[in-house]
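Okay, structure first, notes after.
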Amino acid sequence: MTLDRISTLRSILFVPGARRDLFAKAEATGADALVLDLEDSVSTDMKGEARQHVADALARSAHRLTFVRINHPSSGLVDEDISVLAPHPSQALMVPKVDDAKDLLDVDRALTKFEQRAGLASGAIGIMIVVETCLGLRNMFEILQNMPRVRGAGLASAEEGDLMMDIGGYWTAAGDALAYARGKFVCDARAAKAEWLVDGAFMNLGSDDALEAEVSRARMLGFTGKIAIHPRQVPVINRAFMPSTDEIEKARRLLDAYREAEARGQGAIRFEGMMVDLANAKRAERILSFAAAAGVPASQQHDGSKDEKR
């Protein structure tokens with residue numbers, strides 16, 4: 001599967017690159033994507049061994065998309081980290097702590113050389129940047145707009161994470177301190193036509209209800225996925241990002257009604273007590289496209305009753 005056909009990422013599960021014993025378990029979780037980490041979860045003296053484990057995993061991986069989180073471009077480790085990639089396009093890089101486009105120049109050059117050696121098309125290996133500072137958030141739109149290889153971005157919104165420290169605020173379950181950052185992130189990413197809009201990790205592993213509430217909030221704001229730091233979080237994230245059966249059925253009805261009206265030359269219609277127009281039809285199309293791309297059977301979708309409470 002080529003990267004061009006991979007757009008729906010609800011759950012993105014992190015796996016420490018030095019823990020090869022966890023790779024097979026991660027593959028079986030149902031996560032839409034994996035992140036094999038060479039950065040923070042790997043100590044300096046284990047970087048080389050972790051690269052070998054990640055290279056072995058990529059060579060045999062059947063997962064539809066696997067990211068490699070490399071070390072920051074200023075670390076001097078970019079070439080060594082990129083050397084783990086396999087000559088197939090169903091993989092991508094995650095680049096941490098990106099503050100401006102200059103952070104990506106060496107990464108882009110190294111990837112271009114790799115693609116040439118591997119016989120891949122230029123730009124086949126995509127990048128997800130991670131926004132972890134106020135400066136990175138300020139510059140994200142320009143990065144996404146001007147670097148085609150950058151397919152999306154993640155926001156480091158974790159409790160007591162780097163972004164929260166940079167903001168100087170206080171994390172709460174309601175997300176007040178990050179409300180502006182999340183809103184700006186989504187608007188800028190949408191304006192730049194990014195495909196992946198990923199919210200950061202939820203650190204509390206003891207409450208699925210709290211996780212689902214945070215994922216639901218992220219989905220409401222326009223995010224398309226969320227980082228998972230433990231396999232138990234994957235089904236909760238997948239379920240919360242999946243449109244409900246009621247949403248899917250309503251979207252189908254709306255599209256049918258709108259297309260019939262459009263064929264009669266009408267641009268706005270009354271639908272189930274509301275006036276709808278092209279914007280509503282496009283939203284319905286997005287819901288149906290997301291559901292189809294996610295490929296989640298009806299038996300795994302959450303019912304509409306929870307959505308009524310959100």
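Yeah, the Cβs are placed from backbone N, Cα and C, and that goes for glycine too.
Residues or ranges marked as substrate binding site by TrEMBL: ARG69, GLU132. Sequence annotations record features per position, and here TrEMBL assigns Mg(2+) binding site to GLU132, ASP162. Taken from TrEMBL, the feature domain 'HpcH/HpaI aldolase/citrate lyase' covers 10-231.
GLU132 (substrate binding site) and ASP162 (Mg(2+) binding site) have their C-alpha atoms 6 Å apart, to the nearest angstrom. In this structure the C-alpha atoms belonging to ASP162 (Mg(2+) binding site) and ARG69 (substrate binding site) are separated by 16 Å.
For ARG69 (substrate binding site), the same-chain residues 6+ apart in sequence whose C-beta sits under 8 angstroms from its C-beta are PHE14, VAL35, LEU36, ASP37, LEU38, GLU39, LEU93, MET94, VAL95, PRO96. Shown are the binding-site residues GLU132, ASP162; the one with the most C-beta atoms within 10 angstroms of its own C-beta is GLU132.
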